[in-house]
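Novice: When I checked Swiss-Prot for this same protein, it listed these features:
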- HIS171, ASP191, ASP254: Zn(2+) 1 binding site (BINDING)
- ASP191, GLU227: Zn(2+) 2 binding site (BINDING)
- 411-497: domain 'Fibronectin type-III' (DOMAIN)
- ASN100: N-linked glycosylation site (CARBOHYD)
- ASN121: N-linked glycosylation site (CARBOHYD)
- ASN242: N-linked glycosylation site (CARBOHYD)
- ASN424: N-linked glycosylation site (CARBOHYD)
- 1-24: signal peptide (SIGNAL)
Amino acid sequence: MRFLISSLLSGLALLTSLHAFVLALPREYTIAMSNPFHESLFSCPAASWPRVKLGSENTPQEPSKDLRKILSQISPKRIEATIRKLVSFGTRHTLSTQTNATYGIGAARDWIESEFQRYANASDGRLTVKVVGYDQQPDGNRIPFPVRISDVVATLKGEGDPERVYVVSGHYDSRNSDPLDYKGIAPGANDDASGVAVSLELARVMSQRDLPRPKATIVFAAVAGEEQGLYGANFLAQSFRNSSTNVEGMFTNDIIGSSTADDGTKEPHVIRLFAQGIPPLNVENQAMRERRIMIGGDNDTPARQLARFVKETAENKHTDMEVSVIYRLDRYLRGGDHRPFLEAGYPAARFTEPNENYAHQHQDIRIDKDPKTGKDIQYGDLPEFCDFDFISRVGKVNAAALWNLAMSPGMPRNVRVNTNALSNDSKFSWDPPAGGNALVGGYEIVWRSTTAPFWTHKMDVGMVQEATIDLSKDNVIFGIRARGKNGERGVAVLPFP
């Protein structure tokens, strides 16, 4: 009994001491002790390491007065009218007739050209339009006979650095359940009249004579042959490559027509942006790829730097959209027109709606049973399933990204980090953008932790071409970007040793 009483007294004393210890702890620790899953048990003050007092927070870039004017004029009604007009051609299958004035892909091509030309006529010579193409021979797959592939291209030439080019496109061809059925109805409202509508609407708004010309050139394209094998986009990308055109960014808008999934889930203020990681081997050879992996640069490819730029400049109250950057080339089992541009060595990314309804893609028009519920549902890519306000907001995201890109000085070249000796600081050097320093107001070093998706810090280093920062290159990811004379940021570039 004496032993038991002694043990109880000792235990009570221990509990009293423990209670006093707990009371002395900071509040966040006492909360954690009462909750074994509290976040403070999985984090600590060192989680923000390396702690740096250099530079400043990298905040989003607000749209300029001119850009706000552009965004305010993007019209859901015009986008709807464009989509319904394209659907009215019955089918826009790449293999369909090109001689009928009201039916088939030829009629759609001619109408798109006429719309671009109408905007060009009102632009005081700023916008020019042409149809380019080639004869595609049978490929043993989805091209069973020779066919003309035509791309409709409208060019808003820049003033200041016109040799630097940005491209936005949608594909105007369509298909139904059978990829070789070129006679049956294939409305293609979402896939991809929605993307073509954005190209047309941006060309209309951005080419207006009461706006300043962009510094760089913007190309608005409607391409064919996507459903048969990305043929139109490949032709356009290779044409740019063959002429040594400096394309510093390309966006394809493909399936951007609806914010509603097959289960009714709605995300009307989110757009996905797909950005590839390691470039194709024909763009970066094996040695370059190994260097990229060695320095941890696999998440800092040109495509992903472009996506970061979009996130930073096009996600705001004026677009009313969140840009959800997806770090992969595309969705599973799918492909898009950004891929040929990537394979040509150009930074490119794909915009696609957040939720897809596969009953409204690549389907014959019919009422049939839903395999999940057994209920009758409407199949087919019809305008009634499009959200035209949503498409206009996606158009605003594109406009914000393109205008900011075209008004920026472009990307610095030959960006390097010095690794000649061991050191705890980081020394960088770079060359001006391809257009020189005429548009540059200064340069910035940006950085983030190796696990962060987007830039968190920046430091203005002025009009120099080399700089040293008291922060170890071993601990963060760095980028170098040019800043325009009015503060317009360019796309950051990863420094290589």
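Each Cβ is built from the backbone N, Cα and C atoms, and glycine gets one as well.
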Novice: May I ask for the distance between ASN424 (N-linked glycosylation site) and HIS171 (Zn(2+) 1 binding site), taken between their Cα atoms and rounded to an integer number of Å?
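Specialist: With the alpha carbons as reference points, the distance is 50 Å.
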Novice: Mean pLDDT for the domain 'Fibronectin type-III' (411-497), as a whole number?
Specialist: 98
Novice: Is it possible to get the count of other C-beta atoms within 10 angstroms of the C-beta of ASN121 (N-linked glycosylation site)?
Specialist: 11
Novice: Going by C-alpha positions, which of the recorded positions (ASN100, HIS171, ASP191, ASN242, ASP254) is nearest ASN121 (N-linked glycosylation site)?
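Specialist: When the Cα distances are compared, HIS171 comes out closest.
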Novice: Pick out which of the glycosylation sites ASN100, ASN242 has the most other Cβ atoms within 10 Å of its own Cβ.
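Specialist: Sorting the candidates by Cβ neighbours within 10 Å, the top entry is ASN100.
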Novice: ASP191 (Zn(2+) 1 binding site) has how many other Cβ neighbours within 10 Å of its own Cβ?
Specialist: 26
Novice: Would you list, in sequence order, the recorded positions among ASN100, GLU227, ASN242 whose CA lies within 10 Å of the CA of HIS171 (Zn(2+) 1 binding site)?
Specialist: GLU227
Novice: Given the recorded positions ASN100, ASN242, ASP254, which lie close to GLU227 (Zn(2+) 2 binding site), meaning Cα to Cα within 10 A?
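Specialist: Near GLU227 (Zn(2+) 2 binding site) by Cα: none of them.
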Novice: Compute the centroid of the Cβ atoms of HIS171, ASP191, ASP254, then list the same-chain residues not in that set whose Cβ lies within 8 Å of it, in sequence order, for the Zn(2+) 1 site.
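Specialist: Going along the sequence, the neighbours come out as GLY170, GLY188, ASP192, SER194, GLY195, GLU226, GLU227, THR252, ASN253, ILE255, GLY336, ASP337.
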Novice: Determine the most Cβ-crowded residue among the binding-site residues GLU227, ASP254, using a 10 Å radius around each Cβ and all protein chains in the structure.
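Specialist: Result of the Cβ crowding comparison: ASP254.
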Novice: Could you give the Cα-Cα distance between ASP191 (Zn(2+) 1 binding site) and ASN242 (N-linked glycosylation site), in whole Å?
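Specialist: Per the Cα atoms, ASP191 (Zn(2+) 1 binding site) and ASN242 (N-linked glycosylation site) stand 29 Å apart.
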Novice: Using DSSP reduced to three states, classify ASN424 (N-linked glycosylation site) as helix, strand or coil.
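Specialist: Once the DSSP labels are grouped into three classes, ASN424 (N-linked glycosylation site) ends up as coil.
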Novice: So, in DSSP terms, is HIS171 (Zn(2+) 1 binding site) helix, strand, or coil?
Specialist: strand
Novice: Which residue, out of the recorded positions HIS171, ASN424, shows the minimum number of other Cβ atoms inside 10 Å of its Cβ in this structure?
Specialist: ASN424
Novice: Given ASP254 (Zn(2+) 1 binding site) and ASN242 (N-linked glycosylation site), what distance in Å do their CA atoms have, once rounded to a whole number?
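Specialist: On Cα coordinates alone, these residues lie 25 Å apart.
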Novice: Whole-number Å only: compute the distance from the Cα of ASN242 (N-linked glycosylation site) to the Cα of ASN100 (N-linked glycosylation site).
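Specialist: Answer for this pair: 33 Å between alpha carbons.
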